[in-house]
Amino acid sequence: MTNMTQASATEKKGASDLLRFKIFGMPLPLYAFALITLLLSHFYNAIPTDLVGGFALMFVMGAIFGEIGKRLPIFNKYIGGAPVMIFLVAAYFVYAGIFTQKEIDAISNVMDKSNFLNLFIAVLITGAILSVNRKLLLKSLLGYIPTILAGIVGASLFGIVIGLCFGIPVDRIMMLYVLPIMGGGNGAGAVPLSEIYHSVTGRSREEYYSTAIAILTIANIFAIIFAALLDMIGKKYTWLSGEGELVRKASFKTEDDEKAGQITHRETAVGMVLSTTCFLLAYVVAKKILPSIGGVSIHYFAWMVLIVAALNASGLCSPEIKAGAKRLSDFFSKQLLWVLMVGVGVCYTDLQEIIDALTFANVVIAAIIVVGAVVGAAIGGWLIGFYPIESSITAGLCMANRGGSGDLEVLSACNRMNLISYAQISSRLGGGIVLVIASIVFSMMV
């Protein structure tokens, strides 16, 4: 009788624990309601292809696979955890035909038509830059470009050495491997690189692009993996890491900013106003006022970094408004990242491209080039006054990934989303620097 009572108590405790288990903060029965609703929608192929339908699908899917990725041994430490799990599964759902066309359209409308990615990045840039000490921000930005250049030099040297080991000429290594990897992603990197290649050499842009995007895809995977590894190294050797802070404050003496008072929802709303208006101004400058400087196009996110930095330096924003912008940024990065990663997997990840590019030589060369970017940026950053881990992530890995979505994947893998502003400088301004280098390299081949 006693054994039966104990067994009954154990069963009740197990059931109670199961009911209290939470997925994305929701008790299991409540999440089950959301999941069953989504499955009904999938079964009847009835989902609105607007923001409501898209966000419902992205929230529910992101929640379950985020929890799995967060808990899965090895994957959560070495591969990138929840965010990487989410976008890989989402990409597989498209590849395997599990998603219906309506579901793909709903997510695509959120990501492409409504451009949720732009809003996400704009909010993170504003919160990240406004939360930095004004004088420290100026000094760090001035030192960041040389760190990017150090990363490019490191990637080039490592790439040339490994290329020669495979019998590949120096010009081909630079043209087909180093420049696409370090060029700022797809739209701001591989696409304009193929145009420059065609205009300078007269050769096929399509042939160049297909090779460049394959190499870039492999490098992006290594960038994510290395980001997770660098996070682990930073935890073991704490003197190498600023735990999300780029600048070694001992190297840049500054006075502390004034402390913020009470923060209300209104200050948080002002953070949204500043995020959207600064983005709007950056867009106008990039598209109409200064579409190019010296023949090189500057992306609107690069302009936005400079605009928000100028706003911070102007003293127009009170400590409360800065704190409100930071609170909004934290909400987006902590509560909406899993949602965004579903969209990244559906709209920006092609598993077939990854599979096609997986040759032994391509994998080894791409990996070594990314290592070179990390080493170069770490050494350059240390000499400037930055922490090696943070400088290698932002000026190294965020140069070697696939641009805006790659920045989010890399930073989420190493738990450093607050470094998004520096990541965007790498992807945008750094990508522009690579385009200039490409013009010179391609002209030498003619």
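Cβ coordinates come from backbone N, Cα and C, glycine included.
Small disclaimer: the values here were computed from a predicted structure and weren't measured.
Residues annotated as transmembrane segment in Swiss-Prot: 23-43 (among others). If you look at the transmembrane segment (23-43), the same-chain residues 6 or more away from its ends with a CB under 8 A from one of its CBs are 53, 56-57, 59-64, 66-67, 100, 103, 338.
Taken from Swiss-Prot, the feature transmembrane segment covers 46-66 (among others), and the record attributes it to sequence analysis.
If you look up Swiss-Prot, you'll see 79-99 (among others) marked as transmembrane segment.
Residues or ranges marked as transmembrane segment by Swiss-Prot: 110-130 (among others). For the transmembrane segment (110-130), the list of distant contacts is 51, 54-55, 58, 137, 271-272, 274-276, 278-279, 301, 304-305, 308-309, 311-312, 317, 321-322, 325-330, 332-333, 336, 340, 343-344, 346-348, 404-405, 407-408, 417-421, 424: same-chain residues at least six beyond its ends, Cβ to Cβ under 8 Å.
The feature transmembrane segment is assigned by Swiss-Prot to 148-168 (among others). Away from its own ends, the transmembrane segment (148-168) comes close to residues 174, 177-178, 181-182, 361, 364-365, 368-377, 379-381, 383, 392, 395-396, 399-400, 425-426, 429-430, 433-434, 437 of its chain (Cβ-Cβ under 8 Å, at least six residues beyond either end).
If you draw a 10 Å sphere around the CB of M399 (Na(+) binding site), it holds 34 other CB atoms from the protein chains shown. Residues or ranges marked as Na(+) binding site by Swiss-Prot: I181, G183, M399, N401.
Under the heading citrate binding site, Swiss-Prot lists N186, G187, R402, G404, S405, R428, citing similarity to another entry as support.
Positions annotated as transmembrane segment by Swiss-Prot, on the basis of sequence analysis: 213-233 (among others).
Per Swiss-Prot, the feature transmembrane segment maps to 267-287 (among others); the stated evidence is sequence analysis.
If you look up Swiss-Prot, you'll see 289-309 (among others) marked as transmembrane segment.
The transmembrane segment annotation in Swiss-Prot covers 335-355 (among others) and is backed by sequence analysis.
Sequence-distant contacts of the transmembrane segment (364-384), counting only residues of its own chain at least 6 positions beyond either end whose CB sits under 8 Å from a CB of the stretch, comprise 143-144, 146-159, 161-163, 166, 168, 173, 177-178, 181-182, 215, 218-219, 222-223, 226, 230, 246, 251, 390-392, 394-397, 399-400. Per Swiss-Prot, the feature transmembrane segment maps to 364-384 (among others); the stated evidence is sequence analysis.
Marked as transmembrane segment by Swiss-Prot: 425-445 (among others). Same-chain residues lying 6+ beyond the ends of the transmembrane segment (425-445) with a Cβ under 8 Å from its Cβ atoms: 141, 144-145, 148-149, 151-152, 171, 174-175, 179, 182-185, 188-189, 192-193, 196-197, 200-201, 294, 296-299, 301-302, 305, 394-395, 398-399, 401, 403-404, 406-407.
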Which residues of the chain, 6 or more past the ends of the transmembrane segment (267-287), have a CB below 8 A from one of its CBs? 118-119, 122-123, 125-127, 130, 297-304, 307-308, 311, 317, 320-321, 323-329, 331
Output the one of R402, R428 that, of all these binding-site residues, has the highest number of other Cβ atoms within 10 Å of its Cβ. R402
Which sequence-distant residues neighbour the transmembrane segment (213-233)? Criterion: at least 6 residues beyond either end, Cβ under 8 Å. 77-81, 84, 176-177, 180-181, 183, 185-186, 189-190, 240-241, 350, 353-354, 356-358, 362-363, 365-367, 369-371, 374, 389, 392-393, 397-398, 400-402, 406, 409-411, 413-416
Using a 10 Å radius on the Cβ of N401 (Na(+) binding site), the other Cβ atoms enclosed count 33
List every residue in the same chain as I181 (Na(+) binding site), at least 6 positions away in sequence, whose Cβ is under 8 Å from its Cβ. A155, I215, L216, A219, A366, I369, V370, A373, A400
